[in-house]
2 protein chains.
Amino acid sequence: MASARPENTDNRRGLDRRVTIPGDFALTGGQALPALEIAYETYGDLNADASNAILICHALTMDQYVAGHNPRTGKPGWWPRLVGPGKPIDPDRHFIICSNVLGGCNGTTGPGNVNPLTNQHYAMTFPVITIRDMVNAQAALLDHLGIETLAAVVGGSMGGMQALDWAVAHPHRVRSVVAIATAARHSAQNIAFHEVGRQAIMADPNWSGGAYPLDKQPVAGLAVARMAAHITYLSEEGLTEKFGRRLQDRDTPGSPQPGFGFDAEFQVESYLRHQGLSFTQRFDANSYLYITRAMDYFDLGAPHDGVLAKAFAGTKTRFALVSFTSDWLYPTAESRRIVRALNAAGAAVSFVELESPFGHDAFLLDAPEMIRVVDGFLRAGT
Amino acid sequence: MASARPENTDNRRGLDRRVTIPGDFALTGGQALPALEIAYETYGDLNADASNAILICHALTMDQYVAGHNPRTGKPGWWPRLVGPGKPIDPDRHFIICSNVLGGCNGTTGPGNVNPLTNQHYAMTFPVITIRDMVNAQAALLDHLGIETLAAVVGGSMGGMQALDWAVAHPHRVRSVVAIATAARHSAQNIAFHEVGRQAIMADPNWSGGAYPLDKQPVAGLAVARMAAHITYLSEEGLTEKFGRRLQDRDTPGSPQPGFGFDAEFQVESYLRHQGLSFTQRFDANSYLYITRAMDYFDLGAPHDGVLAKAFAGTKTRFALVSFTSDWLYPTAESRRIVRALNAAGAAVSFVELESPFGHDAFLLDAPEMIRVVDGFLRAGT
């Protein structure tokens, strides 16, 4: 399938590629998309027996630019410590694929796309999607690329959900799964936080039932949604260490005096406001609704009467799970639950809980132990 | 001071009383209110030597109707297990006082009141207030009632902050303090969640810079603020136990199918939406801004270079602190910090962490151990 390989003059940089998958794309909910465009990046070259492909799945607000240079932001990719030359996932050894998820807003079909049947933006006529639908879209991309089997699927957070689901939906196409800071189902508290975000978006009059012009989205609501979510990505300990009760622009020696007002008085407020506002410049509100909804529906054990082990029955895939001590969004207990289910299913599984004060976001930050664990696991399997 | 006693034909019921404190009321931030009205309830009778008065301080969204019947909601008061005939705080033994906090929206002067100097609603011209200002307003009420010394100040959550601050601001007027599920300062995470709520309110166009007509408040934004806050009042464990991933209106035997939509699909969503919406019927958005701000500014150790023990130096007040295992809003660590400071200050202090799956809200729910602890502490001190 050499024809599908990237014509890449610099195989470490990514190509900003798109592909249109022909035919209807069937969804879990019973509907189908009349067209599926996938935006993706590849790094490195597929080897002769197409055995060195690694799929990286991104989290809720990330994109396909996992490594190299992100042409939209002008910044480096989002997982530079794990992916890149000399890193555990290495374009000199692996053919690395990362695609924008179904429902996303970075090139893959989502609510911001035009429905070819109506020539209108989908907006809220876009069908509700699931993590499984995201995985199936990635499988269609692999078909297009001529890759039958993945050496590994790797992801953190929602990316970890996709990685786990790959082993359930397409067990014969995945040799190894690395699932970091993730869960096999969304908890009531996870759903609750997402619902706050969705309600914040929908409460913004600019949302207009989802039919906003793409250049005039519900910025205020989306910013509030991001602020609420962002708190869940950090730990109480991390917030205290980073900001404590320090006052904005008054962190000088002596006795800083509060301003007694509603401006961003504390540094943590200023930080959150910035996080909220900058997010609205790179993300679409309707995509946020659809992707959070997909995560809420995620429950790998549900089709098996809640017995997660049955979802993995007969698996030949190897698994590595990593959790972080201060992650309260997808806490270690959820990873342990997955490990128990995998053990019950007779799967090969390694698991480590790593010390970190940085909460859920730890998987994106400097985590040398995580890098070593993933490196060792991938090398042992290839 | 018999003249100040309530003329109460049924001293267990409360009286829906108001008092206007004469003169300017000076605030921590340097401004003053030209008028201070306090709405309060009393239960029981003040004894001859005025030694049986107990002040109860309410939490962020509560009111003065701690016991008996709330004429506004038609429901019982908010702390019936602790306050009432035969309870640890008993109108047959105590003269019980509970006033709506300064900045509130249940009768005490707040941003919804008319500024007598301008004949306009204060709205956002209301000065920013602090927990100390709330305490000083209560002290003015006690002066009016002819009560020099309180047998006890009792409160949970923000009520606990006021109770602690009473011992710092007016040490000679408080014999005992009971502070439940509280903290001596707001953490970065606490501030962050409040800021999300404030931004949600301010993002609502109906907020109109705070100048909304009182019958047309920013319902959508206030509801989102309440939803976000409400998650912090419950534990992950409690949410899972109460709702899990159960679907709304589909919790029937067999295999409930998700609806694949954005309606309140999960029970936890329906519950949160109800909590948000019903809150807007009983609370004012601007009051929410001012009271959350007061909590964020709360840091008892701040005027003493962060050494909390110095705030309590020389105190003769007895203290009882109670925390709950699953309270992640004001976790046990914060109570322990207060206890250590009180020990260092040589204060008499008892502390217990109680097992509960109900998170922060545990202090309002059925907590028999808490009732016993408070009863024992109050009886030993009187």
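Yeah, the Cβs are placed from backbone N, Cα and C, and that goes for glycine too.
No curator has checked TrEMBL annotations; they are predicted automatically.
Taken from TrEMBL, the feature active site, nucleophile applies to B:Ser157. Long-range C-beta contacts of B:Ser157 (active site, nucleophile), restricted to its own chain and to partners at least six residues apart, with a cutoff below 8 Å, comprise B:Ala59, B:Leu60, B:Ile180, B:Ala181, B:Thr182, B:Leu329, B:Tyr330, B:His360, B:Phe363. DSSP assigns B:Ser157 (active site, nucleophile) to coil, not to a helix or a strand.
The feature active site is assigned by TrEMBL to B:Asp327 (among others). Contacts of B:Asp327 (active site) defined by a Cβ separation under 8 A and a same-chain sequence distance of 6+ are given as B:Ala181, B:Ser235, B:Ser356, B:Gly359, B:His360, B:Ala362, in order along the sequence.
Residue density at B:His360 (active site): 25 other Cβ atoms are found within 10 A of its Cβ, drawing on all protein chains shown. What TrEMBL records for B:His360 (among others) is active site.
Summarising the environment of B:Arg226 (substrate binding site), the number of other Cβ atoms within 10 Å of its Cβ, over all protein chains shown, is 23. Annotation note: B:Arg226 (substrate binding site) sits in a helical segment as assigned by DSSP. Annotated substrate binding site per TrEMBL: B:Arg226, B:Asp361, in sequence order.
According to TrEMBL, the feature domain 'AB hydrolase-1' maps to B:53-366.
Cβ neighbour count for B:Asp361 (substrate binding site): 22 (other Cβ atoms within 10 Å of its Cβ, all protein chains included). B:Asp327 (active site) falls within neither a helix nor a strand when secondary structure is assigned with DSSP, and so counts as coil.
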